[in-house]
Amino acid sequence: MPYSPKNLFPVKNDNGSEIKPRWEIIQEVLLQPITSSKHFEMVLNEYNKSLPKFPALHYFFEEVLENEESEEFFDSLLPRIIRLALRLPEILPGNLPLLKKGSCKSISLSQLQIASLLANAFLCTFPWCKDVTEIYPGVNFSGLFSSHFRSDYNDVVIEKLKCICHYFRRVLTVEPVGIVTFERKYFPRSHLPRWDRLENTLGNTRIHISSSGVIEDDGNGLLQVDFANKSIGGGVLSFGCVQEEIRFIICPELIVSRLFTEQLGATEALIIIGAERYSKYTGYGETFTWAGNYNDTTPYDNFGRRRTSIVAIDALYFGNPQEQYSSSCILREINKAYVGFHSRLDTQLPAVATGNWGCGAFRGDPSLKLLLQLMACNASRRDVVYFTFGDVELGNNLYEMYLFLTTNDVSIAQLWRYLCRFEQTNLKPKHLFAYIQQAHFDSKNQRSLKDYFCFRKKQSDMSTSNANNVLNKNPSTSTKIEDDKLDSSGIDEIIIPSSQTDSDVDVIESSQPDHIQVTLPTFSKNAGKKVIENKIGNDVDDVIRLIDAIDGTVPRIDRIDSKKKENMSLLSALSKLTESDPLSSDAELKQIKTEEVEKMEIDHDDGTSIKSKRKITDYFTKIDKG
C-alpha cells in the first residue's frame, strides 16, 4: 500500500540523501497547487522516479479540452481526487490481501474504498517493481497517460480519459455506498469433469442467440462473461479497447482488481459481483467513443452489492489458428469455461451471457467457442444467452447447429469425441459443423447394404406335408413364400399375387380328417416370371426350390456338384438334374414319388394315423393311366 511504513523512498537534501517514507513525500507534494498537465507530471515524479513521459495526458488537456474545461479540472476536480487519495489510510487501514494463483479466496471492498484506491492509481502512488508487475498487472494510470505514440489509437486513449474523469466526478459528487466482491476460483484437475464420460444431453440446455445487443446492456440478471486476458483487465490502461477493456473503462471499479489479482492459471477464473456502470459508449476498438453518463439502476442484493455478476475467463491466443482444434487446446478452453460457470449452489442458476469469447484479437473460431461454452454450461446446469454482436449469418449457423444437437440427442461425450477427431481430418474450420453432423450419423449402428439382400437359412418344418411350406393365409389375395423370408428390416417380402378367382381354383380331395383344414396355394401363370424379376433372380438354388414348392416336389438337388453349380444357369441346372438321375423317365419318377408319399404318415392327438396330402402329380398320373 502507498502508506505502508515499509514503502521507503530516497530523498536528496543538503547532507546528501536520506530515506523517508514515501507516503510523507506524497502528502507534501500533492497538497501544493497544480495548474497544468506538465506541472502534474513533474509533481508525480517527486515520489515515483520510474514514471514515463505523459504525452497523452498533455494532448488531452491542451488539444482536446476547452480552456474552461482544463481549468475546471485543475482548480476543482483534481484537488478533490487528491483529498480522496490521501484518505486511504483512514478508509482502508491495514494491508490488502492478495488473490494468489492456486487459491480460492475473495475480497469485498466498499465502493468508497475502491474510489480511494483508484484515486491513488490516478496519482501513480503505488510503488513499481518489475518482478511484481510481471505477476500482478498494476493499477497506476501512468500507462494510459503515456500512450500517445500510436496515431491510429490516439482517439481511443482520449475517450478513456473522458470515462475516468467522468467516474471521479460522479463518486466525488455523491459518495457511493455499495459493496463489490472479487472472488478467485481455482479447480484442481482432479475436480474437473471427464468430458468423454458425461452423457448429459446438450438439448437439456436452453439457448437464446441474438445478433443485436451487447452483454453489458442486455445481460441484466445473468452471469456476464468478460473475455479476459490472463492479466486481468488486459490493455485497459493502455491502447487496448476490445470487449474486456471497454467493460473495465465504463465500470472503473473493475480496474482495482489489477492491484491484487495474480495472473490467472489454466483452471482459474475471477468472479466480480456488485460493480456499477458509470458511462455510456459507442463503437468498438479504434471507434470507441464515450457517450455520456450512465445511470445504473441495478438493484442491490442482501449484502449491499448490485446484482451484476461478471466472470473473467481468459482464452488462449492462437498464433496459428489451426492449433485451437487440438485436443489439448480444446480441453484447456472447456475447463476454463467450466471453472467460470460452475457454482457450488444447488439452486436454479442464472443463464450465462456470453458471445465470441477469444475470437477477436486472440483468433479463436466462434463456432468452436460456442460448442465449448455450451458444453460447459450444460455441465454447470446453466442456460446460454449468446450475442453475435451484429453477425446475423453466424447467429443463424449457430442456431441450426444447436437444433441438430437437440433433435439428435447428442451428449457431451459424443460431441467431445467429434471435436477431438476434427483435427485429424485436415478440414477447414468452416466445415466444423458439417463434419460434426456427418460424424454423428456415421457413429450410429446402421445396417450395411448386404443386410438388405441376405436370405435367412430355411427353418426346419414340423410338418411332413410339402404344402405347409407355401401355406396361403389369404388365398383370395396373395401367397407369401415363407422359405425366402428377408431379414426383419422392413424389406418387402416375396409376394406372388394370384390371377385366379375362386372358381378357377382346383379343389383336391384331402386325405386328412375334416377338422384339419389345409388351404392349397394358388399361383398365377406368370408366377415364375415375377419371382425371377424379384431379388432372388441370380440365386439358382432359391429359384429351383421355389419351383419345387410350386410343383409340390422336393428335388434331390444335392446330386449336383456344388462347385459346378455356382456359375450354372437355371436351364443348365434343370438339365443336369434330369441327366444325373438314372430314374429320369416320367413314369418311373412319378411312381417313386407316389411310393414315397404313401410312406409318410403323421400322428394326431386322436391317435389316428393319416397319410400326407396327395399331390397334383398323383392326379396327373391317374389321368395318364386312364
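First residue shown is number 1, and so on along the chain.
Just so it is clear, glycine is given a Cβ too, placed from its N, Cα and C backbone atoms.
Automatic, uncurated: that is what TrEMBL annotation is.
Annotation source TrEMBL lists active site at Asp226 (among others). Long-range Cβ contacts of Asp226 (active site) within its own chain (separation 6+, distance under 8 Å): Gln243, Glu244, Arg247, Ile272, Ile310, Val311, Ala312, Ile313.
The feature active site is assigned by TrEMBL to Glu244 (among others).
According to TrEMBL, the active site annotation covers Glu245 (among others). DSSP assigns Glu245 (active site) to a helix.
If you look up TrEMBL, you'll see Asn229, Gln243, Tyr284 marked as substrate binding site. Summarising the environment of Gln243 (substrate binding site), the number of other Cβ atoms within 10 Å of its Cβ, over all protein chains shown, is 26.
Under the heading domain 'PARG helical', TrEMBL lists 66-184. In the domain 'PARG helical' (66-184), helix, strand and coil residues by DSSP number 67 helix, 12 strand, 40 coil.
Summarising model confidence by region, the domain 'PARG catalytic Macro' (193-394) averages a pLDDT of 95. What TrEMBL lists as domain 'PARG catalytic Macro' is 193-394.
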Distance from Glu245 (active site) back to Tyr284 (substrate binding site), taken between C-alpha atoms, in Å:
10
Between Asn229 (substrate binding site) and Glu245 (active site), how many Å separate their Cα atoms?
10
Packing count at Asn229 (substrate binding site) (other Cβ atoms within 10 Å of its Cβ):
23
Specify the secondary structure state of Asp226 (active site) as given by DSSP, simplified to three classes.
strand
Excluding near sequence neighbours, so keeping only residues 6 or more apart in the same chain, what lies with its CB under 8 A of Glu245 (active site)?
Gly233, Gly234, Gly235, Val236
Cβ neighbours of Tyr284 (substrate binding site) where a neighbour is any other Cβ within 10 Å:
16
